[in-house]
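Asker: Have a look at the structure that comes next, please.
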Amino acid sequence: MEASNPAPPKLGYHLEINPTAPAAHHPKPQSSSSRDFQPFGRWIPWLVPSFVVANVVLFVITMYVNDCPENSPSCFAGFLGRFSFQPLKENPLIGPSSSALEKMGGLDVQKVVGEHQGWRLVVCIWLHAGVVHIFANMLSLLFIGIRLEQEFGFVRIGLLYVISGFGGSLMSSLFSQTTIGVGASGALFGLLGGMLSELIMNWTIYANKLAALLTLILVIAINLAVGILPHVDNFAHIGGFVSGFLLGFVILIRPQFGWVSKKHTPLGYPAGPVKRKHKIYQYILWIFAAILLTFGFTVALIMLFRGFNANDHCSWCHYLTCIPTSKWSCKPKVHYCTTIQSATQLNLTCQGNPTNQHS
């Protein structure tokens, strides 16, 4: 099985670490001359909690489809009946089998390319490999996502989450082609990337920006570092982060400090903006990020559906997602072999069950 997560780590069958701490250090906009006047409205968060509910519902459905008692002699928490979990030796994250995740839409590159099931690139970010995996991811989503939705609204944060998750799946598909990937870590790393680009893009309106920047960079670095452990899909982390970082420049732009819209001008204030709405550098970053994001997605999709395997052209890239040590191996284990006897030779074919990667 495979899955991925950011800073509580997200687990799945290739885990992805879950980003959490940064939200608490998000800088506050500089206060205006009037304490009662707030140029940026606050949204009531409902989309992020809805995402959490959707993920939990899909996990329950996955366990129903899994039906461990029907396929395994020993299940964990057998008193749950059809909803019981696979043996912990098979899935230590307390969840379903790889085959159940594949049926539900887990990221299987062979099916995406060979059977034109591109929908798996999006569906996989709503699936999880176990109770541990979904708990870590949803905790991170609530911690980071609610704060962002309050500041930017459900449309922009919804787009940031889904597009970043898609970007993570896309990069994972180019590098991790022998595993079944599930998990929301790519999307969560996208929220972290969006927070970073939003801070850079709207630099002039924040007060404690340097401390926030250093804290955010530290959290991102720690989470990406955890991605070098086995069964953690760091490619999904990286792809989601880069997608969210670029998209943040495009959709999280704010007016510069000192600009006031006419409809938000309180009584007693001069009507009309006293400054340009955005600075020149904001326009430059917006254009550059939009072009780079569009170009990157287009090229990656073309490469994927042409059967491109990025590992064939980058001999060291696999170290970005797993570094072998004396304590663990990055190679999947072989689980069974079959033989074919012909008149003149014996053919032995060994295969391993697809592992789950968490994101």
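Keep in mind that glycine also has a Cβ here, set from the backbone N, Cα and C atoms.
No curator has checked TrEMBL annotations; they are predicted automatically.
Annotations for this protein, taken from TrEMBL, read as follows:
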type	residues	note
DOMAIN	116-252	domain 'Peptidase S54 rhomboid'
TRANSMEM	43-64	transmembrane segment
TRANSMEM	125-146	transmembrane segment
TRANSMEM	158-176	transmembrane segment
TRANSMEM	182-203	transmembrane segment
TRANSMEM	210-229	transmembrane segment
TRANSMEM	235-253	transmembrane segment
TRANSMEM	283-305	transmembrane segment
Asker: Averaged over the whole of the domain 'Peptidase S54 rhomboid' (116-252), what is the pLDDT?
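Answerer: Computed over the domain 'Peptidase S54 rhomboid' (116-252), the mean pLDDT is 92 on the 0 to 100 scale.
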Asker: Treating G and I as helix alongside H, and B as strand alongside E, what does DSSP give for the domain 'Peptidase S54 rhomboid' (116-252) in helix, strand and coil?
Answerer: 108 helix, 5 strand, 24 coil
